[in-house]
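Asker: Next up is a structure, given as structure tokens.
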Amino acid sequence: MALASIGAMFSLLIYLSLPCSNAAAENILHQSPPPADGSRRPIVFPLFLSQPNSSRSMSLLHRKLHSKSLPHSRMRLYDDILLNGYYTTRLWIGTPPQMFALIVDSGSTVTYVPCSECEQCGKHQVIIKLISTMTSLKHLISWLFHQDPKFQPEMSTTYQPVKCNMDCHCDDDKEQCLYEREYAEHSSSKGVLGEDLISFGNESELTPHRAVFGCENVETGDLYSQRADGIIGLGQGDLSLVDQLVDKGLISDSFALCYGGMDLGGGSMVLGGFAYPSDMIFTDSDPDRRYVPKCLSFVLIGEWIRFNTIDSPYYNIDLTGIRVAGKDLLLDSRVFDGEHGVVLDSGTTYAYLPDAAFSAFEEALMREASPLKKIDGPDPNFKDTCFHVAPSNDAAGLSTIFPSVEMVFKSGQSWLLSPENYLFRHSKVHGAYCLGVFPNGKDHTTLLGGIVVRNTLVVYDRENSKVGFWRTNCSELSDRLHIDDSAPPPTTLPLNDSNPTLNTSSSLPGGEIQIGQINLDIQLTVNSSYLKPRMEELSKVLSKELDVKSSQVYISNLTSKGNNSLIRVVVVPTEPSSLFSNVTETSIVSRFTNHQIKLPDIFGNYELVSYTLEPSRKRARWVMKNTIVVMAILIVAVVVGLIAYGVWLMWKRKQASNPYIHVDEAIVAEQELLPL
């Protein structure tokens with residue numbers, strides 16, 4: 001009553017906030033410790049890097065204006081959700097590109113990799129399967145051991161630190177932006193924010209583009225010990241890679257993940273929209289869902305209390321019920337509406353239900369699987385629910401033994417799960433399987449991890465605030481999309497902001513990276529008559545800026561374009577028979593696109609108009625010359641062979657014309673046969 005009277009008299013606004021650290025303020029979703037056998041520890045929800053006065057509704061509004069015809073990036077997924085606890089994909093950062101194996105995490109809002117100066121980063125190591133398409137062989141399969149990669153900013157000619165500003169947390173010197181992420185299993189990552197070219201592989205329709213990412217200085221917990229190099233953040237937030245690509249108008253506001261099945265693993269990731277299957281099941285997702293953070297803050301207005309909430313960075317779906325063997329569980333639909341609601345998180349291994357939902361689900365499953373023998377789990381420290389099945393049964397045969405499970409949406413549609421979507425293999429008993437769904441303890445969020453979406457194409461249609469599900473063989477989806485995971489980043493570089501008309505082309509056959517010559521068409525803001533006597537000087541300046549020999553750079557032609565000049569700069573390798581690598585070519589071109597070539601004032605300003613890549617002409621002539629020589633030798637050999645054959649035939653005929661030859665007869669003594 002005292003508060004009410006004070007509010008009525010003075011309309012007093014009192015703001016109260018519980019003391020807490022910055023880390024706590026960014027929300028950590030609590031999870032009960034998962035059953036751990038060493039290989040199935042999940043990567044769970046990270047803290048959300050809050051931005052002052054950010055508005056998700058405004059950013060989503062302008063994203064709906066993007067065209068459906070935008071390109072997309074298709075990328076192969078590696079590993080297995082239960083063997084490693086996650087799936088990874090390959091990303092290239094910098095110029096020249098540095099490759100990293102990153103965990104695909106739809107629950108994280110930042111992409112980060114270890115920095116070269118990081119002394120508290122683990123020794124990450126990933127087995128990479130390379131499949132190269134050769135001209136003489138269909139496929140060459142090799143295994144490469146990829147160990148302890150760290151991003152080296154000093155080796156990238158396009159790297160720039162993100163300078164301190166009002167929208168980020170700054171270092172002590174107020175010079176550079178920082179980031180920090182904490183996870184529920186007590187691992188963490190923190191470091192500085194940088195910006196560089198991000199490449200998505202040779203099969204991507206996206207050319208390399210600049211993006212902000214984290215360069216780690218400290219790793220703890222699982223992040224320190226894991227094999228993967230870092231995380232690619234696909235969540236909803238300003239630092240998310242998806243948000244950055246969408247905000248620049250490079251892709252439509254959508255992406256898709258497809259995790260391989262129990263026996264195969266692998267899969268695909270697609271950044272951007274594409275033609276979805278007609279029978280895909282969609283459900284609504286609320287991008288503006290808000291929640292009260294663990295670090296509670298609230299406002300007292302008279303006798304009313306209003307809790308301060310923040311936008312959730314996670315992808316939720318409107319789940320209202322669960323069916324087991326066609327029978328609805330007796331649950332209040334509001335059980336799935338707690339805290340963050342029902343969240344899809346590709347970085348989490350298993351599924352976690354609120355206690356009431358888990359108890360009902362486990363009871364129904366046990367009732368349907370009652371004939372099966374119950375056994376202990378692989379780890380005695382955890383009470384896993386496990387069943388012994390005939391050793392000959394594979395993942396495909398589990399559907400005849402275990403019941404079907406359906407996720408029922410608010411629209412009335414349902415998403416059918418097979419047993420591989422809620423079971424995992426027993427690591428110690430052959431032919432045994434354990435339940436991959438667990439209670440979420442005090443957390444009222446329903447968390448659906450990677451196990452639930454195995455062999456399911458999941459489309460995150462952020463533009464229309466929907467999530468789609470479609471059953472398919474995800475291990476073969478990448479082949480159907482014609483993804484070549486061995487190819488390096490594309491040779492085409494991004495457009496410079498000041499030069500949106502940059503044209504690129506390549507005369508290389510079949511997409512092979514055999515670059516013998518780089519042609520750069522450059523416009524200078526000086527007239528041609530002034531530039532003509534200074535061509536040799538300009539050539540030397542360019543060779544010095546490119547760190548190549550002066551004999552490797554020459555200017556092939558000069559044309560006038562009003563008061564400006566258009567020149568073609570040709571860069572060739574050191575030896576006539578040698579070739580440029582893709583990395584070298586990318587580095588040379590990027591120096592012009594990003595205006596890192598410093599020219600004396602007498603040459604004015606420059607702009608890269610276009611560039612082309614060509615194979616080595618001298619090498620081609622050498623190949624042709626050798627081909628002619630080989631063919632001449634073969635022709636001579638055939639002629640000589642025919643002549644020799646003709647001579648031999650004539651000799652045989654001469655021998656045949658004298659069949660009777662006189663031979664002096666001699667009496668030969670008869671020899672006695674050996675006795676039997």
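For all residues, glycine too, the Cβ spot is worked out from N, Cα and C.
Just so you know, TrEMBL annotations are computer predictions that nobody has curated.
What TrEMBL shows for this protein is this:
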- ASP105: active site (ACT_SITE)
- ASP345: active site (ACT_SITE)
- 493-508: compositional bias 'Polar residues' (COMPBIAS)
- 87-470: domain 'Peptidase A1' (DOMAIN)
- 482-508: region 'Disordered' (REGION)
- 1-25: signal peptide (SIGNAL)
- 628-651: transmembrane segment (TRANSMEM)
Asker: Please report the number of other Cβ atoms within 10 Å of the Cβ of ASP105 (active site).
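Answerer: If we count other Cβ atoms within 10 Å of ASP105 (active site), we arrive at 25.
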Asker: What is the separation, in Å, between the Cα atoms of ASP345 (active site) and ASP105 (active site)?
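Answerer: ASP345 (active site) to ASP105 (active site), Cα-Cα distance: 7 Å.
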Asker: As a test of reading the model: what is the averaged pLDDT for the domain 'Peptidase A1' (87-470)?
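Answerer: Over the domain 'Peptidase A1' (87-470), the predicted model scores a mean pLDDT of 85.
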Asker: For ASP345 (active site), list the number of other Cβ atoms lying within 10 Å of its Cβ atom.
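Answerer: So the number of other Cβ atoms within 10 Å of ASP345 (active site) is 28.
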